[in-house]
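Notes for the one structure printed next.
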Amino acid sequence: SGESGAGKTESTKLLLQHIMNLCKGNSQLEQQILQVNPLLEAFGNAQTVMNDNSSRFGKYIQLRFQKNTVRGAKLSEYLLEKSRVVQQDTGERNFHIFYYMFAGLSSEEKEMYGLLDPSLYRYISGRFGAQDVAQRWKQKYQEVCNALDMVGFQEQEQVDMQAILAGVLSLGNVTFEPEERNGSVKVSEASQGWLKAAAVNVLSQLVCCVLCSPWSPSVSCCSLCADARDSIAKVAYGRVFGWIVCKINELLAENVDPEVELSEIGILDIFGFENFAVNRFEQLCINLANEQLQHFFNHHIFQMEQAAYKEEELPWETITFNNNEPILNLLLAKPLGLLSLLDEQSAFPQATDKTFVDKLNSSFKGKSHFQPGRGRVLGFSVIHYAGKVQYTAGGFLEKNRDTLPANVRGLFINSITPLLSLLFTGKSLYSLRLAALWLFLCPHQHSLMILMERMYSANPHFVRCIKPNGLKEPGVVDSQVVLLQLRYNGLLETIRIRRDGFSWRPSFEEFAER
């Protein structure tokens with residue numbers, strides 16, 4: 001754990017390399033485990049104002065051992081920030097893979113996918129990069145292609161996947177205008193070319209059947225079509241990412257007798273605490289995950305430890321720590337926690353982000369960890385364990401609903417592109433799991449619940465990553481930035497309990513042997 005940019009993903013890669021080295025890792029499986037990282041980072045990481053290679057999803061890597069030899073591995077992904085596909089704030093970028101494609105594809109391949117100059121695409125904010133950056137992206141694209149081959153993606157699957165990604169980019173440039181005669185909405189004349197480009201890349205049916213169909217007069221507006229367009233782009237990208245993870249798991253699955261008992265080491269690498277100039281629904285989900293991990297840390301390091309001393313009647317002066325349970329109650333309590341109120345508002349068709357904020361202000365009046373928004377921006381503040389974060393409430397309800405027009409799934413299933421059909425067919429175990437998450441439960445909360453169940457069932461070791469400065473510069477240590485992290489992470493109290501407590505716990509057999 002640690003702040004965004006503190007080095008969690010890099011530490012995870014080093015830890016994996018270390019474990020493989022201890023296993024005398026020369027086997028093909030061990031090398032494959034190390035080599036899937038470029039693929040995950042290309043599709044799941046992006047540049048933010050805090051980190052040029054920020055993980056925009058959480059991953060839990062389970063390594064399974066038999067007699068100190070790795071026999072298999074499994075990767076679980078959590079909370080992919082799909083909204084990044086359609087919107088990025090100032091100083092941020094979309095997922096790396098889009099830029100790698102522009103830099104790495106040949107002119108002929110770009111023509112095949114209908115890709116034009118990158119400055120034209122709204123979903124990447126019309127920004128690309130300098131020549132030296134583009135050259136680095138070109139090398140990264142080749143690494144991605146090598147990883148795809150290594151994992152076992154067929155050539156046609158790779159073509160289909162890149163066609164979907166190119167289609168997503170073209171889809172983002174489709175705009176709408178009202179039809180004067182009957183009050184419905186049509187694709188604007190200016191974006192007919194982008195509609196054709198999306199058609200080349202297999203998303204045309206969706207655009208035509210969903211976005212261009214007449215709306216009832218009460219909902220006749222271009223913004224509804226734009227929302228539907230963005231929903232299609234987000235869900236298509238999310239399914240591609242999930243499919244990649246499933247293919248990786250097929251490659252890394254253990255091939256042993258089911259009766260054989262395997263031991264396991266799990267490594268959790270999840271996005272760090274974030275506090276930007278503008279904080280949205282995604283930052284709330286990320287910071288909630290970090291609140292839960294901080295509580296998990298407190299539970300094991302302070303509560304369980306000191307309870308054991310008390311149970312054994314050891315002389316011990318209780319060490320107090322910054323308990324973040326009240327913040328979790330504010331966010332997770334039922335029926336009046338922040339997320340419960342968000343779900344309640346999301347269920348009402350007439351509810352808006354403003355009615356949600358009004359509900360928060362009335363429900364949490366006087367709560368020490370909540371502050372109403374100030375000024376003209378619709379929002380609120382939460383006093384997290386790591387500090388105060390001001391959230392902009394615009395888009396909270398729409399993102400929490402995570403909805404897709406009802407007729408879209410059938411169109412995806414009947415797509416002429418085999419991969420797009422596969423990603424949405426009911427025969428896929430992966431899509432069944434996603435359907436359960438997306439149709440019956442709020443996906444963000446459910447995903448976190450599964451993650452925390454895994455954490456509490458394990459015997460944990462904690463790696464705390466400390467960010468040396470806020471400038472994204474190597475070799476610079478800002479002592480105030482470091483001290484702040486040591487304080488809010490509870491590391492000063494941890495040092496004390498380790499110093500004064502009982503850090504070595506031999507079994508009776510070990511003690512007698514010695």
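Even glycines carry a Cβ here, placed using N, Cα and C.
TrEMBL annotations: computationally assigned, not manually curated.
According to TrEMBL, the feature region 'Actin-binding' maps to residues 448-470, out of the candidate ranges 264-286, 402-424, 448-470. The most crowded of the binding-site residues listed here (G2, G5, G7) is G5, judged by how many other CB atoms sit within 10 Å of its own CB. Long-range neighbours of the region 'Actin-binding' (448-470) within the same chain, counting only residues 6 or more positions beyond its ends whose Cβ lies under 8 Å from a Cβ of the stretch, are 1-3, 5-8, 11, 15, 50, 58, 60, 78-79, 266, 268, 270, 272, 285, 288-289, 292-293, 296-297, 300-301, 476-478, 481-482, 485-486, 489, 491. Note on the binding-site residues S4, T9: the fewest other CB atoms within 10 A surround the CB of S4. Around the Cβ of K8 (ATP binding site), the same chain contributes S1, G2, S55, D269, I270, G272, C465, each under 8 angstroms and 6 or more positions distant in sequence. Assigned with DSSP, the residues of the region 'Actin-binding' (448-470) fall into helix, strand and coil as follows: 9 helix, 0 strand, 14 coil. The Cβ of A6 (ATP binding site) lies under 8 Å from the Cβ of G272, C465, I466, K467, Q485, each of which sits 6+ residues away along the same chain.
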